[in-house]
Every structure is written in structure tokens, then in C-alpha cells.
Amino acid sequence: MNQPSSPPPRTAARPWWRTTPAALGLLVLVAVLGALSLPLGFLVLIASVVALWMLPPWRWFTRLGATVGAFFLLTIGAGLGGQLDDTGKEKANQVAVGTGTPAPSSATGSPRASLHAPDLTGSHLDEAEDRARDAGFTTGHHDASPAGRTVVVRSGWVVCFQQAEHDGGREVIEFAAVKDREPCPEEDGGRIPWPAMPDLIGKTWRTAVAELADRGVDGHDVTAEARYLNDALPEGGHDSWRVCEQDPAEGEDITSQVTLGLAHPAAGCSTDGSYLGDRDHDGRPDYRDHSDDRATTGGGAPGGSSTAGGTSGGSAASSTGGGGSGDGSSGGSSGGSSTGGGGSSATGGGGPIVHPGAFCAPAGATGVTSAGTPMVCGPASDGRNRWHHA
């Protein structure tokens, strides 16, 4: 005897908020709230789109269509409720930003009494426009120079001129401005009167800065640098150093930074090229060396009169690099040194003793270290001539 089969288990009912009617109700709510308030309707739209993709058991293309429909319903509801027409109500009387073209005025009725425009010249443009609006003015702005530049960051511009007028029920004030730290032209649209660069060559740093200050150049805009690559400005000050180079050149407009190339008074500006004389090849210019260093030449004694080892008879003395007279003097030249290279900075005729990595000149010169390693002068990674292994 067959047993009666048990009925299949009943499927649990889906919650009402996950049903299709609930999803459609969300779409209607978007349209209704959009007609009342566009911002509120937009927030509900975002929440509805999230719910449509998570709650109803729809396929992906159905959810995509519902999402697009929600945007259309928000637009239709906002349009029917007049929300789109009221978006720019508070700014209808303001000038379009950056164009200087007044927006159409919706004011009607009898014109109001003229307002007194405050003097805002010298103020930053953003502050001037805020104060003018607080006083009841519609504002506009433009470049006071003939370049016609677009004002992007208003806080970086300064008002040079202002013009207030009555325009069909509105009080309009137009600002003409230049960039911060630029001098104002004599009239709106005129040339900016940049200061001309004077001739500063040969003057001290202190005198040059004072002369530039007299022309309206801020001291922070003047930069000093060493004229020669193998020299450096002292940390304690360089007021007495002389100007050898200037940028911009004499007579040109000073529109930004001024750069002055300085040289020590003992060196002066007479040396052409990028390096001062450095006869001992120690990387420092001659004026920074002691007097006994300046006279040293490659292979010569401090007196400069002897050769690296004299004649063949004195070669024995020079081959050891040692000093003293004695045997080395017997083969010296008739008027030559009696030391056979005793004071020379060279060893064994290999060139002067140099320090690896020190500045050198000219390129191609040779030398040796104190340990006897051959060195050659040539460009380093910084582009300047330095001693390195041959």
C-alpha cells in the first residue's frame, strides 16, 4: 500500500521591501522629492540606485534600465517643480566669473538709489569683490595690463582701478587688477611700468642691492652666486664682493628675480671663462692659497727656476724625489738649482702632486697622488674638471 507523499515545503515569502512594487515605489519617490527639492531628490536618487542593485531579484539589464529611468524621473520631477529654473536665482545679478560680462538682470520696477562705492584699490581682488558684494554691488574684473590675461586665482591679483556705474536697477563695479607684486599701469590697459635694470658691473654687493631697492626691487628678489665655478661665496657675508655678471642685462625690464654673479675683490672680474687661476691644482683659486703655493708649477720648485731633475747628472737626485744638494748638484745646469728638484711638488717626473676629486684645469693635465698613482684632469659627473685616475 502506497504511502501518501508529503507536500513540498513552502518557500518563505520574500520581504516586502525586496519586492518589485517596493522598487518601483522608490523610483516614484525620486520624482516627487526632485520636484520639491533638487538636492534632496538627488540624495534619494543615489540611495535608490544602490537599493535597486542590491534588493530586488532582477537581472542586470533590468537593474540598469531602472537606474537610467531613475535619472530621467529626477530630471522630469525637478523640471515640473521649477527646481531647474531656480538654480541660479541667487546669482542672477552677478557678473560671470573671469569674463567681465554682466549677467542679464531680472530686476523690475523703479531703480533704487545709487550706492556709494568704497575705495578698494590696493586690495586683493578676492577681498575687494567680497566687500563690494556686501555693499550691494554686482562685481566684475579684468586684467589691467594690455595682455588681457585671465584671472584664475583672485587672491593672487591686486586691484589697480575700479569703475562703478548704475545699470538698469543694478549697481555694478568693475575692477582692473594686476598680479601680486606687479606695478600698476598709469591707466587701465596701459603698459606695466617694470623697473629697468641698471648697470651694476664692478659695484659691490651692498651697493647693488641698495640701487635695486631704490628702483622698487625687493631684496628677496635679488640672488647672489659665485661668478667662477671653482670659487664659493663665504658664509659670513659677501658685502664687499664685486658684481661681474648680472641677469637681466642693463636696460632690460626686471619682471622677476635678479641674479648677480660676484667675485672676490682680490680676484676681480678680469678672468675670462668659468674658472679662476689655480696653478697648484688644489681645487681652490690662487687668491685663496698661501703665497708659497701660488708660485708652485708642475714639476718646479717654489722658486720656479729649476727643472724636475736638472740634467742627466742630477737625475739621480730627482729619481728619489728627495731634497738636498750633495751629489745631485754635480750634474746641474750652469745656473740651475743645486737641489736637483728638492722643492718640487713632483715625484719622479710624473707631474705635480694632486688630490683625487679636487678641481683642476686645464682638461688633459696630468699629475700623481702622494702615493704615486697617475691622475688626469677631466670632466666629472657634475660637468666640472676634477682629478681622477688616469
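From the backbone N, Cα and C atoms, a Cβ is placed for every residue, glycine too.
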Exercise for the section: If TrEMBL is the reference, give me the range from 91-121, 215-245 marked as region 'Disordered'. Expected result: 91-121
Exercise for the section: Mind checking which residues of the chain, 6+ beyond the ends of the transmembrane segment (60-81), have their Cβ under 8 Å from one of its Cβ atoms? Expected result: 23, 26-28, 30-36, 38, 41-42, 45, 48-49, 52-53
Fill in the blank from the handout: On the domain 'PASTA' (191-264), the mean of the pLDDT values is 90
